[in-house]
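One structure is given here, and the rest of the page talks about it.
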Amino acid sequence: MEAPAQLLFLLLLWLPDTTGEIVLTQSPATLSLSPGERATLSCRASQSVSSYLAWYQQKPGQAPRLLIYDASNRATGIPARFSGSGSGTDFTLTISSLEPEDFAVYYCQQRSNWP
């Protein structure tokens, strides 16, 4: 009667390794720049997300605004100074010349494996 319990325990031990959880790490945590300068933000995934990565901008008291989807496509109405690149595990958001309204919080988000 102990064998099934032991087997179940072993299977449960392995479950965390099969969930496919993807961790995204952004860098740098903060940037000190001035208007007119170039900003480069990085996002690294713990495993490949192909090109299924989006970038968002959020300002205080506002909902996040989609900037880039599928790694390199600008969302509707997003200025050309915003560009995205990368695939697999390494991605970059570049703001070619910062405008005063660009000073905000930026997030990356993957959509390769929704729960």
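Think of each number as a place in line: the chain as shown, counted from 1.
Cβ atoms here come from the backbone N, Cα and C positions, even for glycine.
As recorded in Swiss-Prot, the features of this protein are as follows:
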type     : residues     : note
DISULFID : Cys43-Cys108 : disulfide bond
DOMAIN   : 21-115       : domain 'Ig-like'
REGION   : 21-43        : region 'Framework-1'
REGION   : 44-54        : region 'Complementarity-determining-1'
REGION   : 55-69        : region 'Framework-2'
REGION   : 109-115      : region 'Complementarity-determining-3'
SIGNAL   : 1-20         : signal peptide
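Same-chain residues lying 6+ beyond the ends of the region 'Complementarity-determining-1' (44-54) with a Cβ under 8 Å from its Cβ atoms: 20-27, 66-72, 84, 86-91, 108-113. In the predicted model, the region 'Framework-2' (55-69) shows an average pLDDT of 96. In terms of DSSP secondary structure, the domain 'Ig-like' (21-115) contains 3 helix, 42 strand, 50 coil.
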